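The structure appears right after this line, and notes come after that.
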Amino acid sequence: MKPTTIASLQKCKQNKKRFATITAYDYSFAKLFAEEGLNVMLVGDSLGMTVQGHDSTLPVTVQDIAYHTAAVRRGAPNCLLLADLPFMAYSTPEQAFENAATVMRAGANMVKIEGGAWLVETVRMLTERAVPVCGHLGLTPQSVNIFGGYKVQGRGDEAGDQLLSDALALEAAGAQLLVLECVPVELAKRITEALAIPVIGIGAGNVTDGQILVMHDAFGITGGHIPKFAKNFLAETGDIRAAVRQYIAEVESGVYPGEEHSFH
């Protein structure tokens, strides 16, 4: 199988073909996802909650991300693999570059960082040094203590305009992908249409170029609170492989996420 690349996703955007992505943390699930046609994966700092059992993503280290990135890469050698730079791992451009090198040596194709226009210098430096960057706007879980919890972001004209401005700034600095989390559908549509780069949504409606889900949410392994945007595909299919195939099919057809999974 040919490797999936950033150019592959750019082509999807140009052809208006929605694509599905998922978080992965280990060899076995990565292998299964790849075998069923999920060719874009994220080693997310969500592992702090789903794998390590913390109540936030903040305790996750660069070493944790690198460890899981290496495992996922062994399971899915041809996938486009994104890896989060965790909390306080990119407070300066130099620190970001050093930590990006660590996770890319472990097998990542691209790093994801959370934040707006204040990251422009960092994004530019990484891009100039051959480190592809995925931005992340909206609900950025590393900022949970600022937000006062996990809440929808970008409601109201001023907040929406700010997110659009941030998205354009990240793109201009060289970001090649953008994740939009927990924002109103109307804003997600504005941002997706304004950017030339592919936009991946989670809790942003079905108007983005792609979708991502935390794998545990896709299989109903939530341990309590179920996010509004989550759907348990395993409950409907009774089989993990069939659940993955249904997730892909519903994303590509625009069935998922539906109105019941979206914010306004």
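Glycine residues also receive a Cβ, built from the backbone N, Cα and C atoms like all the rest.
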Identity of the 3-methyl-2-oxobutanoate-site residue among Asp26, Asp84, Asp157, Asp161 (reference: Asp45, Ser46, Lys112, source: Swiss-Prot): Asp84
8 Å Cβ shell about Asp45, Asp84, Glu114 centroid, Mg(2+) site members excluded: Gly44, Ser46, Thr57, Val60, Leu85, Pro86, Phe87, Lys112, Ile113, His136, Thr140, Pro141, Gln142
For Ser46 (3-methyl-2-oxobutanoate binding site): intrachain residues, at least 6 apart, with Cβ closer than 8 Å: Thr23, Thr57, Pro141, Val214
Cβ contacts of Glu181 (active site, proton acceptor) (under 8 Å, same chain, 6 or more positions away): His136, Leu137, Gly138, Leu139, Thr140, Pro141, Gln153, Gly201, Ile202, Gly203, Ala204
Residues satisfying Cβ distance under 8 Å from Asp84 (3-methyl-2-oxobutanoate binding site), sequence separation of at least 6: Leu42, Val43, Gly44, Asp45, Val60, Ile65, Val111, Lys112, Ile113
